[in-house]
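K.L.:
Quick paste of what TrEMBL says about this protein:
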- 11-120: domain 'Alpha glucuronidase N-terminal' (DOMAIN)
- 125-475: domain 'Glycosyl hydrolase family 67 catalytic' (DOMAIN)
- GLU314: active site, proton donor (ACT_SITE)
- ASP393: active site, proton acceptor (ACT_SITE)
- GLU421: active site, proton acceptor (ACT_SITE)
- 476-698: domain 'Glycosyl hydrolase family 67 C-terminal' (DOMAIN)
Amino acid sequence: MIDKNSRMYCCWLSYREIKNSNYKEYLENVVISYRSQIVEYALCELKKAFEQIHDINEQQKIYEREEVYGDKYIKLEKSDDERLAIEGYKIKHDIISQKKHRITISAKGDNGILYGVFALLRLFEQNKEIEKIEVIDNPKNVIRLINNWDNIDGTVERGFAGRSILFESCRNKDIMKEVMDVIGGITATNETLRKAFNDDYKEAGDLGRINDYARLLSSIGINGVVINNTNVHREETYFIDDKINIVKVISDILGRWGIKTYISINFAAPITIGDLKTSDPLDKNVREWWKKKAKFVYSIIPNLGGFMVKADSEGRPGPFTYGRNHADGANMIASALAPYGGLLIWRCFVYNCKQDWRDHTIDRAKASYDCFTPLDGQFLDNVYLQIKNGPMDFQVREPVSPLFGAMDKTNKLMEFQITQEYTGQQKHVCFLIPWWKEVLSTQTYANSDNVNENSVSKRIKGIAAIVNIGNDENWTGHFLAQANLYGYGRIAWNSDISSEKIVQEWIQLTLGDNKLVIKNMRYILMNSWETYEKYTSPLGIGWMVSPGNHYGPDVDGYEFSPWGTYHRSDCKGIGIDRTLENGTGYTSQYNEPLNSIYNNLETCPDELLLFFHHVPYTHVLTSGKTVIQHIYDTHFEGFEEVEEFIEKWKELEGIIDGNIYNQVIERLYIQLDSARDWRDQINTYFYRMSGIEDEKGRKIYA
C-alpha cells in the first residue's frame, strides 16, 4: 500500500522543511484579485504549504483586495512588466508601512503565477533571505517537455519504477505487472501479449496520482507531456479515434497545472484505423484524412499541445515507404495541426537497424545528419525536430550530435533520457545533470560571427526528456533517481544553473538541511556519473551491455548484431575509425575546428577517443597511461568508488527517513555487485584480447 504522505512519495514538495516563523506569517494571508483554473491550483499550493506547517485549527485567509489584517502577506497579480517573458515571473518584497510587509508574485500569464508560487516555496524551504528580494526569472526554453514511454496496457518501455501511472488494463493488470517484472521495460512483444489477453484498456484508476504527477512536473517548470510511448502500437493508434476520451481525462488533469498534452501517433494511422490503403504524405486523400482527424481531436481537447512522431526507425512506418522525405511526412501532419495552434514534434532517431557488421563503411552515427540536413528550411514553422543529445543512443558518454551545429532554418529540440536505460536502470545511482550540462554548453562553431550564440543551448528552441517515473511509491525506482527528474526540470528552465546548486536544492527540499546529509549525498550524487562511466564502457566507445534489456556487461553482445553498435576490438586494439582519411568520415559532419579536433588522434579528447579512432592498446593517453592500463585502472577505481558510496550512505543511518535509508542501501549493494561484474568482465576480456598485464598486478581472471 502506497503512503502518499511519505517523504519518498512527496519528493521535493513536502514543505516540512519550512521552519522560519517569518515565512509562516506570509503564508497566513494571500491576496488575489482574479481567478482561473491554474491560479486556483497556485492557491492550493500555498494552502498546502500553510497546512503543512501550521496547527490544524488555523485557517489561511484569502483576500480579493489589499485589506489584510496581518502584518505580512503574499500577493498574486498579473503584470505587463516588459522584462517578463510569457511564462516568467517576478518575486518582489516590499515594505508597505512600518509593520506591513508584502511579497508579490507577478507574471504576464497564469503559468507564470504558478511557477512563481513554486519558486517562492522553494526559497522558503531553503531558508533563503526574502527581505528586499526582487527576482525576475524567465525560462530560457519555451518548450519544456516530458516524454512518457507508457503503453496503454500499463507497461512502460524502458521503465524501471513499476507500471504506468497513466494507463492500465481492465482485466489483466496483475499479469502486466508480472510482464514488467520479467522483461524490465522491453515491450517489443506487447502486441502479441495484448492479442492473447484480449483485454480492454483505460486511464489509470488512481487519478489522484496523475494529479500529483502533474504537480511535480509543474513545480519544476515542465509545460508539456507526451503521454504515450513513441513506439505506437495498434491499440494506442486509437488515441486519436475512439480512445480519445482516455487522453481527455489525462489532459484535463495536466491542464490544471499549466501542462499541455501531446499524443504520440502512428504515421500509418490512415491505414491502421482508417479506410485508406496508403499513408503517402503527398496523397490528397491521406492529407485530407489527417485534417479531419486533427479537427476531431481538437474538438474534444481544444488545448492539446500537438502530436509526436517517430518514423522510419526501428520498424516504425514513415515517409520513406513511399519514396518521400521527412519534410514531406512532417509537413503533412503539421499543416493539419496548424489551424489549432498545434505543434508537431518529429523525432530524428532515424537509422538503418539492419546493418552488416562486416561492412566498416556503414556508420549508424552518421544517419540522422545525412537524413535531415538536406531538408533544412523545408519544414513548416510548427514542426520541431527532436534530436538525441548524441548520434547514437543515450550512452554514458558520446559526442554531441552534429545536428545541433547545423540546420539553422529549422526548429530544434534537445532530447535527453532521464530513465536510465544505459546508465544503471535506477538500480545504480547515476546523477546525469553534469553530463547534460556538458552537452548543452558544448560549442558547435556554427556561427563564426557571434561565438556567444554557438553553444548547443543557444541553438535549440526547447528540451525534451524521456521520464523515469512509474507507480513505485518513490516514483523513480531508486530514491536518488528523483534528483535526475528534479534536475532536468531546472536545466530545462535555465541551463545556466550549476549542477552543485541543483544537488543542494534537491537535498534540502527533500531531506532537510542536516550538514552531514548534505555533504554525503552531494558527494555521492556529484561523483556518480563518472563513477558509472569508469566501471562500464571506456573512452566513449559505448554499449558493451546485454542485448535487449541493456543491463549489465556483455562486451560482445552487440558486436555482430545488425544494430550498428560495435567496438571493433581485436588482439591489437580497439575503437571505431570515424576519420576522413581511413574511416567512415563521420567527423566531417562537425563544423571546424571540431572536425579537425576529432579527426586528429593527437587532439581528440581522451574521453571520446574510441568513438572516433581505432587505436592500439599501447596508445598513450594525455594522462600518460596506455589505453589498456586506463581500462584496468578505471574499472578497479569505479568499483572502489561504489564501496565508498556505501560507506558514505551508512553514515546517514538514523539521521534520514528509515524507509529511504533502507531502499537506497539495498540499491547500492545491487550496484556494487553489478560494478564487480563490469570490472571483472571488462578487465578479463581485454586482458585475454591483448595479453597485456596490469602494471599494478591486481587480480584479473584470465
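Cβ atoms here come from the backbone N, Cα and C positions, even for glycine.
Note that the structure is a prediction, hence the values are computed from the model and not measured.
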K.L.:
Between GLU314, ASP393, GLU421, which of the active-site residues has the fewest other CB atoms within 10 angstroms in the structure shown?
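P.N.:
With the active-site residues GLU314, ASP393, GLU421, fewest surrounding Cβ atoms within 10 Å: GLU314.
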K.L.:
For ASP393 (active site, proton acceptor) and GLU314 (active site, proton donor), what Cα-Cα distance in Å is obtained after rounding to a whole number?
P.N.:
12
K.L.:
Rounded to an integer, what is the Cα-Cα distance in Å between the residue listed as 'active site, proton donor' and GLU421 (active site, proton acceptor)?
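P.N.:
Spelling it out, the Cα of the residue listed as 'active site, proton donor' and the Cα of GLU421 (active site, proton acceptor) are 17 Å apart.
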K.L.:
Taking DSSP three-state, what's GLU421 (active site, proton acceptor) in: helix, strand or coil?
P.N.:
coil
K.L.:
Where does ASP393 (active site, proton acceptor) sit in DSSP terms: helix, strand, or coil?
P.N.:
coil
